[in-house]
Amino acid sequence: MVGSVHVNGSVNGGNGTEERLDELRRLLGKSDDDLLKIVGIGAGAWGSVFAALLQDAYGHFREKVQIRIWRRPGRSVDRSTAEHLFEVINSREDVLRRLIRRCAYLKYVEARLGDRTLYADEILRDGFCLNMIETPLCPLKVVTNLQEAVWDADIVVNGLPSTETREVFEEISKYWKERISVPVIISLAKGIEASLDPIPRIITPTQMISSATGVPTENILYLGGPNIASEIYNKEYANARICGSNKWRKPLAKFLRQPHFIVWDNSDLVTHEVMGGLKNVYAIGAGMVAALTNESATSKSVYFAHCTSEMIFITHLLTEQPEKLAGPLLADTYVTLLKGRNAWYGQMLAKGELSPDMGDSIKGKGMIQVIS
């Protein structure tokens, strides 16, 4: 049956999309002539894919919703990346035709020849994320002025690394001083801070955001995998969990679901967010184990067992009744250890092909996310 809703919340067919949008608009108190404004902050691989998923699903309802993404201006694209980008464009007829229709193809020819410099925000408008060149996205509405992006946004999606979250949201708070309505924030950030003042504790990105902006914690949610950004945009079947207050997590889970991307909801924000950060540390170790043992299945399984034991111990320290380490939470750790830039980073370190002094941002891989 077209448009039917299954027990897991997935939607069969394209029907029901506008109804879900209207339902969220009503919950946010939007009038008929008032746009629902959604903005992504940060344009890494997952942040860009998340914005593109929303644009693909809801962007054609132009009179009801506006979807934009913010990234800092000025990041140039080097010559070798421009050449690779040109190859990707010419290998995809649909992308090539789209750029020609938009009168945007010539600049990629010039960049390949070294006659022009491309910028990350410029190519993002055409649907290319600098951290994920080989997976073209839909064209996105890109804003490089942070105040313009956030001052009246209804839903803000934090796609920043955890190391940048506090700083950027402290700046955002300056633009929200005169706000009457309180925005809803969905954080995709993975990572944690350790603090000793006044007592030793772990600080998660949602806590950083609340502290920086004064937005109440019930309006801040965390969305985590298991997922690999490029695979999700290529419509490989995946699921995720959105965690937080009951008021927002259920309607947002419904709004974000797509036939290939099933979003469940869960109340245990602490467990999911902390594990979302620690799994990236474990992934570096998993890559090292894989490289040093010649992909030994036994060695990797032993390492995985130690990781999960430590995860259980840590979550019981942080919350009285943590979510059981099962289902999507465990799968999110598994897929990160199996594939991703952190696992790749660990492999390269073990092989001696990288060194720590190269920093956290690796060419062709983007930000390596760990505890900040």
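Cβ atoms are placed via backbone N, Cα and C, with glycine included.
Taking all protein chains in view, 24 other C-beta atoms sit within 10 angstroms of the C-beta of Gly42 (NAD(+) binding site). What TrEMBL records for Gly42, Ala43, Gly44, Ala45, Trp46, Gly47, Ala229, Arg341 is NAD(+) binding site.
Positions annotated as domain 'Glycerol-3-phosphate dehydrogenase NAD-dependent N-terminal' by TrEMBL: 140-242.
Among the features that TrEMBL reports, substrate binding site is placed at Lys190, Arg341, Asn342.
For the domain 'Glycerol-3-phosphate dehydrogenase NAD-dependent C-terminal' (268-357), DSSP puts the residue distribution at 70 helix, 0 strand, 20 coil. Marked as domain 'Glycerol-3-phosphate dehydrogenase NAD-dependent C-terminal' by TrEMBL: 268-357.
Residues or ranges marked as active site, proton acceptor by TrEMBL: Lys279. Cβ neighbour count for Lys279 (active site, proton acceptor): 27 (other Cβ atoms within 10 Å of its Cβ, all protein chains included).
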Number of Cβ atoms other than its own within 10 Å, given for Gly44 (NAD(+) binding site): 23
Cα-proximity to Lys279 (active site, proton acceptor), 10 Å cut-off, over binding-site residues Gly44, Lys190, Ala229: Lys190
Lys190 (substrate binding site) and Gly44 (NAD(+) binding site), Cα-Cα, nearest whole angstrom: 12
Rounded Cα-Cα span from Asn342 (substrate binding site) to Gly47 (NAD(+) binding site), Å: 17
Alpha-carbon spacing, Ala43 (NAD(+) binding site) to Asn342 (substrate binding site), which is rounded to whole Å: 18
